[in-house]
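Taken straight from TrEMBL:
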- 12-29: transmembrane segment (TRANSMEM)
- 35-59: transmembrane segment (TRANSMEM)
- 71-88: transmembrane segment (TRANSMEM)
- 94-114: transmembrane segment (TRANSMEM)
- 126-144: transmembrane segment (TRANSMEM)
- 150-173: transmembrane segment (TRANSMEM)
Amino acid sequence: MPLKYQIPTLLVYSRLLLGFLIVVVTLLQPSFYPLYTVVFLTLGLMSDIFDGIIARHLGVSDEKLRRLDSNIDQIFFICAIASIYLQQPVFFKQYIWSILVLILFEVAIYMVSFIKFRKEVATHSLGAKIWTLFLFALLVQVTLTGQSQILFWIVFWLGLLTRAEIIAIILVLKQWQNDVPSLKQAIRIRKGLTIQNNRFFNG
């Protein structure tokens with residue numbers, strides 16, 4: 001396979017490396033390590049955005065790649081959040097119960113998907129993508145300032161809504177499927193209709 005067709009996979013794995021780098025700089029704490037954290041977070045977000053776009057452009061966006069993308073996304077954000085917790089523990093202690101609720105909703109997504117389909121979730125819904133952007137902004141803010149109020153609560157409530165939508169998508173689908181933009185599109189799939197293309201999602 002020509003190298004260009006491997007670019008999306010390389011971008012996905014780069015996110016795994018970036019997650020580990022965030023952990024390393026947190027543990028070693030070199031000068032300006034919060035800035036390194038923000039740089040690695042930003043590169044991770046960019047790779048997450050462009051791996052799917054490039055894969056669809058090259059025609060290599062298949063189930064294997066999308067499942068890999070979802071799994072490495074989880075590892076990347078676990079590394080990032082755990083590291084930022086070590087950097088700014090006071091913030092996490094302040095919002096511990098709300099954070100635990102979000103974690104429970106995230107775990108529920110995977111439990112429902114495994115129970116119904118025996119596979120991890122890989123819907124990559126539009127709502128989840130939007131939530132990821134807000135989560136990125138929150139992580140940057142907490143890394144640099146150690147505090148957040150309005151942005152945290154936006155991330156919290158948007159997180160609950162998007163997690164609930166993903167669970168609904170899983171329950172509506174008859175068979176496991178990756179890249180389902182919304183609950184509306186899941187209902188179309190259940191009826192045997194095709195997904196309406198979105199130039200930024202599956203166009």
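For all residues, glycine too, the Cβ spot is worked out from N, Cα and C.
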Return the stretch with the most CB pairs under 8 A relative to the transmembrane segment (71-88), choosing among 12-29, 35-59, 126-144, 150-173.
12-29
Taking 12-29, 126-144, 150-173 as candidates, which has the most Cβ pairs under 8 Å with the transmembrane segment (94-114)?
150-173
Intrachain neighbours beyond the transmembrane segment (12-29), with Cβ under 8 angstroms and 6 or more residues off its ends:
36-37, 40-41, 43-44, 47-48, 51, 65, 68-69, 72-73, 75-80, 82-84, 86-87
